[in-house]
């Protein structure tokens, strides 16, 4: 009997290690707080099925642009670039632009005074300087600020014996006006942006699916917290879902329109009180074949967009939100928030996001339509019954033809008898 040597045992151990090492999975080491927050019975499949939002609940798009090589395009539209910057960078640029222009022209004023020899005749009453009372770079810098901002303290004054100073004064006045118009315009546009107006346009936390007027509908609620209204408000919705074409092309995050009343005009809102936006699930709806059991398995996102003009400024405002499958409640309705008080209507925003359960079929809209069509036909409707009905019709036609033939034969026999008589 062969006895395994030490070398063979080591070779076998090393082979086992080589085989097992590729499949060894090292779990990431999570912080203690993160490990405690995780549910104990979470499965790997649930973790893999976590849906990444395309648009966050606050309306910000969860998309980052990377590897943008043509960065010069941002400079071609410098005004929009400055407006889109964050406030801290915008204020920094605002201060830097003015400071640089003041320093630049202050340096030129000092150079003119230095080259003309004004610095050598400080205090000489017989010498006419380019700028009176300019005795150094600091005073030239202060004169530059006074010139560009048109403060005019009256202590430092340009004289008529300095043509180069007069030309510089014209140039600085024109460029200063351009800088003021550009920077003040950027600040005004940034301040008056209607982004903050969208903070008072609210969407319900969840969307619901239930029956309305005998139709299965997807619904969500929108509201405006301000007393000043959104003019010409309109609502639209998009379904974000990856798809694969018949040719095998994979389209990530494909966008499909969800009809929320475009053809009937229901998408144009008079948003004085909270409104429930309804989407009828019909044959043109992307939810036509989705049932209650199928909905949690779908990887989709509904993006809702509310647009309109701010009544106070006339600028266009847009508010966005989104719903993933875990935020779509099947078999629920929204709690009413509008009540009639003494002489006015009151909106209770404490109940804005609340829902209550209602009787709703668990079948898809397609299955409900098929059930309804079957209910309109005889109870024995089926493929076999249709064949039986067809066979019965053929039998009746054959019997009718046979009776007609018998009648013809009887008529012929009667004619023959009459002829014999």
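Cβ atoms are placed via backbone N, Cα and C, with glycine included.
Note: TrEMBL annotation is automatic and uncurated.
Under the heading compositional bias 'Acidic residues', TrEMBL lists 10-19.
The feature domain 'Potassium channel inwardly rectifying transmembrane' is assigned by TrEMBL to 55-194.
Each residue in the domain 'Inward rectifier potassium channel C-terminal' (201-371) has a pLDDT score, and their mean in this model is 92. According to TrEMBL, the feature domain 'Inward rectifier potassium channel C-terminal' maps to 201-371.
Marked as region 'Disordered' by TrEMBL: 1-21 (among others).
TrEMBL lists 388-421 (among others) with the feature region 'Disordered'.
According to TrEMBL, the feature transmembrane segment maps to 91-114 (among others). Beyond the transmembrane segment (91-114), the same-chain residues lying 6 or more positions past its ends with a Cβ under 8 Å from any Cβ of the stretch are 82, 85, 129-131, 134, 136-137, 140-145, 147-148, 162, 164-165, 168, 172, 175-176, 179, 183, 186-187.
Residues or ranges marked as transmembrane segment in TrEMBL: 126-145 (among others). Long-range neighbours of the transmembrane segment (126-145) within the same chain, counting only residues 6 or more positions beyond its ends whose Cβ lies under 8 Å from a Cβ of the stretch, are 102-103, 105-107, 109-110, 112-113, 116, 118-119, 151, 155-159, 161-162, 164-165, 172.
Look at TrEMBL and you will find 165-189 (among others) tagged as transmembrane segment.
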